[in-house]
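Student: Provided herewith is a single structure, encoded as structure tokens, for subsequent inquiry.
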Ligand SMILES: Cc1cc2nc3c(=O)[nH]c(=O)nc-3n(C[C@H](O)[C@H](O)[C@H](O)COP(=O)(O)O)c2cc1C
């Protein structure tokens with residue numbers, strides 16, 4: 001039997017993380033930290049527009065040629081902008097591959113490239129439209145189309161408010177195509193006291209959708225807090 005027909009049990013199967021140009025780069029940082037903490041391999045695609053949101057929200061000018069040091073600086077930032085809030089080493093980034101958004105020949109642009117699926121965090125409405133219509137205008141949108149055609153998990157963490165009629169229709173199109181539409185919509189039942197808690201709640205729900213274990217937020221256990229029902233009942 002030739003080597004070509006042997007299965008490769010050690011084959012790398014990354015999650016592709018696509019960062020598009022919606023507000024919410026702390027969500028992406030939290031998802032990336034969560035994937036790496038869980039031992040997942042990551043392929044990263046950062047859209048051209050997301051460099052503007054990254055610059056605006058973190059002060060980092062993300063560069064293709066220096067992506068590893070820029071990513072490390074980004075992942076170390078707290079959601080409140082505090083540098084060094086998270087310890088991120090070179091070793092933590094060892095299983096990250098970076099693909100420039102203009103590289104339409106990149107590995108994940110083909111369905112034959114092994115990947116578990118794709119998490120778009122955050123997803124702009126332009127990205128939602130492009131993926132819903134199959135535009136593939138850049139690598140991020142192409143990988144999303146590939147993920148859908150290969151019937152792999154695609155999570156679209158849309159961030160916009162209010163939503164227009166066309167975007168709502170495109171979100172339904174994505175749902176019908178098999179994607180999980182997961183609005184960046186933090187909840188307050190998990191006992192958030194800091195901005196990082198709200199960010200981690202959304203990131204944790206993204207990882208839940210990918211079935212990646214994490215401890216990013218406190219799960220609901222069926223008990224209301226803050227007083228008994230009698231105290232809450234005015235009658
Ligand atoms: C600072 C900033 C914040 C933005 N926030 C959002 C947002 O929250 N949601 C959104 O849909 N677009 C937002 N945009 C607009 C997108 O960046 C724009 O539509 C872009 O074309 C998206 O391209 P991409 O999907 O290829 O990344 C923002 C732009 C800037 C500069």
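Each Cβ is built from the backbone N, Cα and C atoms, and glycine gets one as well.
According to TrEMBL, the record shows the following:
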BINDING   21, 22, 23, 47, 159  FMN binding site
BINDING   189, 205  dimethylallyl phosphate binding site
DOMAIN    15-209  domain 'Flavoprotein'
Student: Residue 159 (FMN binding site) to residue 205 (dimethylallyl phosphate binding site): how many Å between their Cα atoms?
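Tutor: The separation of the Cα atoms works out to 14 Å.
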Student: DSSP secondary structure for residue 205 (dimethylallyl phosphate binding site), reduced to helix/strand/coil, please.
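Tutor: It is helical.
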Student: Going through the binding-site residues 47, 189, 205 in sequence order, which have a CB under 6 Å from an atom of ligand 1?
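Tutor: From 47, 189, 205, counting a Cβ under 6 Å from ligand 1 as near, the near ones are 47.
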Student: List the residues in the vicinity of the FMN site, defined as same-chain residues other than 21, 22, 23, 47, 159 with C-beta within 8 angstroms of the site's C-beta centre.
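Tutor: For the FMN site the neighbour list reads 19, 20, 24, 25, 49, 50, 53, 122, 123, 124, 127.
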Student: What is the interatomic distance between the Cα atoms of residue 23 (FMN binding site) and residue 205 (dimethylallyl phosphate binding site), given in whole Å?
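Tutor: That comes out at 18 Å between the alpha carbons.
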Student: What is the Cβ neighbour count of residue 205 (dimethylallyl phosphate binding site) at a 10 Å cut-off, with all protein chains included?
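Tutor: There are 22 such Cβ atoms around residue 205 (dimethylallyl phosphate binding site).
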